[in-house]
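Below is one structure, written out as structure tokens, with a few remarks after it.
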Amino acid sequence: MPAIDREQLDHRVEQIYDQVVAWRRYLHANPDLSYEEQPTAAYIMCELQKMDAGGKWLHISQPEGNCIVSDLKGGAGEGAIVALRADIDALPVEELTDVPFASKKRGVMHACGHDTHAAMLLGATKLLLEDAEKIKGTVRLLFQPAEEVPPGGAKMMIEKGCMEGVTMAFGQHILPLEEVPTGTVLVRKGAILRSSDTLHAEIIGRGGHASLPERSIDPIPIACLAVTALQQVVSRRMPPCKCPVLTISAINSSCDTYNVIPDKVTLKGTLRCTDSQVREDANKAIAEVLHGICGSYGATCSFKRFPGYDVTVNADSAYDVGMRVLAQVLPSKDQIVVLPDCMSASEDFSEFAKLVPSNYVGIGCYNAEKGCAAPNHNARFDVDEEAMKVGVKVHFGIIHELLMQ
């Protein structure tokens, strides 16, 4: 099959665009938290069944009640199995946008764009069904729960067999970053997303009266020293070219009054790395710094690391497929933004990428004129819906490149 006819694809995407928007807006108004996505999965199941009313092409299953796996087996014969993935969970955020399709659930919001991910994959499915006779092989559609909360839904889906036989996997994420406005796609060969670990430390002193600090071991100044000293782990203990991101995001004491020195202080934070060895070395150094400072001032410390997601790595072969597709579906090479360094975010798409050659891209959706400029996870996060056209084209293009040639 020849290269993609971009004008024809643009026209086809325009034809289904209103439906893609409708899917997105329904999901946005009806968000589900991680591990609670059963209603979202039921909606997606229903929409897939409507698209393939006779059940000729789609073989839909639910490994768990909150996820969907659908195989589109093409009519051109046996071939490779290529996975397209969209995550579907929302966040515990109270929405502060004024859009008419704002969340109906108090304290729950699609503040990371997973509603658009599901809608874009549904849109691509609609186009692929129109071309099902031309597909040689199988498109595996993965609607994945629980990306936001480790251990994550990807691992569960893999354990349920969703990656059996898959030869390549592709994912995308909507990004409202100024450097990737609507119409652009962010790419990177190799590591594109960092690993993530959650950190929890307790600095244990000896409480007492605020007027007699000498009779106590005050954990608060010790915690302050520890927080600043921990940044030395990043700047002086790790290679500059592989510098991790260490953030202490919460400091809490065991009391909440004015005249009591607390017994302990709790520190919480995250560590994000681009390299597995740096990840281990940094965690070891963090523990050493905490225990060393606490010991110097008569306190003790307990430190726990909760491993999160691994580094997401774009394999050369899958990245090259992605770049060939972008050259066909985007009007200009200027719409391809090559990321010079790994992003600081983390994703459990890494689980798929550890199994098969994979490629993960960012779909730009920044548009300040439309008010789509708030970052992911912000209560005012909104998406320029025009960006979904690009996501649909990228998904479709991957299958055209790999299974329709």
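Positions of Cβ are set from backbone N, Cα and C atoms, glycine also.
Computed from a predicted structure; not experimentally measured.
Going by TrEMBL, these are the annotated features:
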BINDING   CYS112, HIS114, GLU148, HIS377  Mn(2+) 2 binding site
BINDING   HIS173  Mn(2+) 1 binding site
DOMAIN    194-290  domain 'Peptidase M20 dimerisation'
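All protein chains shown were included, and the count of other CB atoms within 10 Å of the CB of HIS114 (Mn(2+) 2 binding site) stands at 29. Neighbour list (GLU148 (Mn(2+) 2 binding site), Cβ cut-off 8 Å, at least 6 residues apart, same chain): SER34, ASP89, ALA90, LEU91, CYS112.
In sequence order, LEU91, VAL93, ALA111, CYS112 make up the list of same-chain residues 6 or more apart from HIS377 (Mn(2+) 2 binding site) whose Cβ falls under 8 Å from its Cβ. A distance of 8 Å separates the Cα atom of HIS114 (Mn(2+) 2 binding site) from that of the residue listed as 'Mn(2+) 1 binding site'. When other Cβ atoms within 10 Å of the Cβ of CYS112 (Mn(2+) 2 binding site) are tallied across all protein chains shown, the result is 23. Within the same chain, the residues at least 6 positions away from HIS173 (Mn(2+) 1 binding site) whose Cβ sits under 8 Å from its Cβ are GLY113, HIS117, GLU347, TYR360, VAL361, GLY362, ILE363, listed in sequence order.
The DSSP secondary structure for HIS173 (Mn(2+) 1 binding site) is strand. Cβ atoms within 8 Å of the centroid of the Cβ atoms of CYS112, HIS114, GLU148, HIS377 (the Mn(2+) 2 site) belong to the same-chain residues ASP87, ASP89, ALA90, LEU91, HIS110, ALA111, GLY113, GLU147, ASN376, site residues excluded.
Look at the domain 'Peptidase M20 dimerisation' (194-290): DSSP puts its residues at 39 helix, 35 strand, 23 coil.
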